[in-house]
Amino acid sequence: MGHAHGLASPVTGRAGSALKGRIRVPGDKSISHRSMIFGLLSIGETRVEGLLEGDDVLRTAEACKALGAGIVREAPGRWRIRGVGIGGLSEPAGILDFGNAGTGSRLMMGVAGSHPITATFDGDASLRKRPMRRILDPLVRMGVTVVSEAEGGRVPLTLRGPRETIPITYETPAASAQIKSAILLAGLNAPGRTTVIEQEATRDHTERMLRHFGATVEVAPHGEHGRAVTVHGQPELRGTAVVVPSDPSSAAFPIVAALIVPGSDVVIEGVMMNPLRTGLIATLLEMGASIERLNEREEGGETVADLRVRASRLKGVTVPAARAPAMIDEYPILAVAAAFAEGTTRMQGLHELRVKESDRLAAVAAGLAEAGVPHEIVGDDLVVHGLEGRVRGGGRPVATHLDHRIAMSFLVMGLATVEPVTVDDGAMIATSFPTFIPLMRELGATILD
Ligand code: S3P
């Protein structure tokens, strides 16, 4: 990858023919990280099908190996993990380098921090800017020692786990599945019950997988949109089979591309339809998108569907803040759809976007500005004034700030703009969707790298 050599690799998206055909996007990133982690924490063997082989997940696999797991790749997407069981982690010999991955690093802080070992976490320039206090604060309450940390509670940081982890009840200050998951995973190695209360329900893959691997989890409603999730500590997790469904957050890019490129008609197969992940689809349907859910079925404990998407005239809508957790990674690509819509789209309550792989609010606004799309940031809201299908594009290369989703969003934009759109660096796309460029080309997209 370009970054290994300190070189950025610009990529350009350019308008061409209508997009046509059927594709399958890679496995879900959230479930792929968790497959490795649950494999590590289980006794016996876990077999994974459809694993996302993106850089983020491979870093988590390396970390799991460093903590004692035996991990073998048998075929593309097919992996076997031999676990050590809860309580059985060994101290890693070197630094755990998570690259660009917030999910991998934060979940593994809960895992390693709840064991009587010392572990150091680090990552790339993007991860080094991201807030880790939100994970360290509850872990300290569980008895974890923060031996050292970079200024402001960031990586590189070193944790030392207690001899016995303390079970807690914790109300998360942010709607974040990463915070919830780090605590629940730490709670696995604590005697008694650990409860996380969230004001807004976030993706529930950790809860589902805990049950799938044999733990006892209780979920109760909390307030209007929230939940209280309790895990019973020190279960014996048993290695099992995991089938990873396709990632709706990756499917989001071809979905919006098909909507905005005139004449398009595509099918994206086997996309996970977990209701805590489908906020983008709900929003696009409200905007008037033609998206059909075909052939709904169960795969690996999740509902999946083939999505048929046809080019559509979109209209602006207001996206309520309460929907943010179900589409948190999809705002950059929604902003692209909104640029092509008729009228104004208001996306409310986006403060969490400021602490993703980049400050996505600022990065999206800067990209829209380059392409000539009128917009404002009002408090934590992003307001995009749609140009009814005629977006200029062009401008200077969009600054991606080591953020895969900024890169893919603006490449998709360029497939429908008058002038091509260039992003300054496509290298990070490999963190979550390594086959993005070939799959988009298969549909007929013109992407130049
Ligand atoms: C994820 C949770 C979300 C999301 C990230 C994956 C997860 O982060 O943005 O891409 O797998 O738990 P937050 O929990 O910080 O919102």
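Count begins at 1; order follows the chain as displayed.
Glycine residues also receive a Cβ, built from the backbone N, Cα and C atoms like all the rest.
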Which of Lys20, Lys315, Lys356 shares the 3-phosphoshikimate site with Lys29, Ser30, Arg34, Ser176, Gln178, Asp329 in TrEMBL? The record says Lys356
For Ser176 (3-phosphoshikimate binding site), the same-chain residues 6+ apart in sequence with C-beta under 8 angstroms from its C-beta are Arg134, Thr202, Glu352
For Gln178 (phosphoenolpyruvate binding site), the number of neighbouring Cβ atoms whose distance to its own Cβ is within 10 Å equals 24
Of Arg34, Arg130, Arg360, Arg405, the binding-site residues with C-beta less than 6 Å from an atom of ligand 1, in sequence order, are none
Lys356 (3-phosphoshikimate binding site), DSSP three-state class -> coil
All chains considered, the count of other Cβ atoms within 10 Å of the Cβ of Ser30 (3-phosphoshikimate binding site) is 28
By the 10 Å Cβ-neighbour count, the most surrounded of the binding-site residues Lys356, Arg405 is Arg405
Students should find that the Cβ of Gly102 (phosphoenolpyruvate binding site) has, within 10 Å, a number of other Cβ atoms equal to 21
